[in-house]
């Protein structure tokens, strides 16, 4: 029922504020002050409410006309009741931000300027001194308000569209990944499992007539089963492997999109010295560390460095210039990163950076260099 009486998209944000505003207006213009009489005061109040309610539902010229009429009543309030009632122009400034076009919004804003200038001229007999009064900043704020709200609403709509597009893209990627997995299963396991099925049927027929050949077929079945298991492992590994270089590119984009300047300095490219598993775990830990920077640090810069330390370990450091660790929260965000490092016999340390902010140091083992063959 309420949604039929008040725009549904504004109930949560504006309904209570509007009710308070009109209750207070009734108290001031009907109960407290009645310079034009009780009947006129009630009539002016009802016209104000009607104009505002009409503007709530309109986006075209009816919005502009309703705003002009409402602003005219507020000018009357300013002249005959209390001049501070010009502040009620903010209600119509908010409505004008929803005008269908900028042209309509400008037309409504002219009514705001007229309300201030006309009421001041009537009260003071001239307009020149208006620009030296405290009314000027309120006029400027009411003229800026439609622009600001319109810009915020536009940014919110764009964000909603972007999120919807991202969700659609994620669904598309997931669908493509399912198709890829299906193709891989068909191309790899399908043939092997078909062979196992055929040899099993053949072995079943031969077991009574030619036991030696049946045993040979069973041996081949075992070999094919091992091969199928290896194919499954390879398929799972290909699905889960995350190259470190790709993740470095990804987190750089994430930081940039969050407005955080990223400086990435990787020395002695480690990719050949890191196994797929180590690369994946390091990439996931890096991803989580950068996520913490974006969500919790309030940083404007982030430094990511990586280099080999001796022949047995590779060290990556993620440092930001944010607010740092809260007292007593040294372990915040660390357990899952530590667990990933523990699984690959690595180490994760998190601490307050000496220059301010937070520093995460990830240390992982590298494969020993292969000795070169003598020629």
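Cβ atoms here come from the backbone N, Cα and C positions, even for glycine.
Curation plays no part in TrEMBL annotations; they are all automatic predictions.
Pulled from TrEMBL, these are the features on record:
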- 12-30: transmembrane segment (TRANSMEM)
- 36-54: transmembrane segment (TRANSMEM)
- 61-84: transmembrane segment (TRANSMEM)
- 104-123: transmembrane segment (TRANSMEM)
- 130-149: transmembrane segment (TRANSMEM)
- 155-182: coiled coil (COILED)
- 277-368: domain 'Histidine kinase/HSP90-like ATPase' (DOMAIN)
Closest-packing stretch to the transmembrane segment (36-54), where packing means Cβ pairs under 8 Å, from 12-30, 61-84, 104-123, 130-149: 61-84
Tertiary contacts of the transmembrane segment (12-30) (same chain, 6+ residues out, Cβ under 8 Å): 6, 38, 41-42, 44-45, 48-49, 52, 77, 81-82, 85, 88, 91, 94
Grab the pLDDT values for the domain 'Histidine kinase/HSP90-like ATPase' (277-368) and give me their mean, rounded. 82
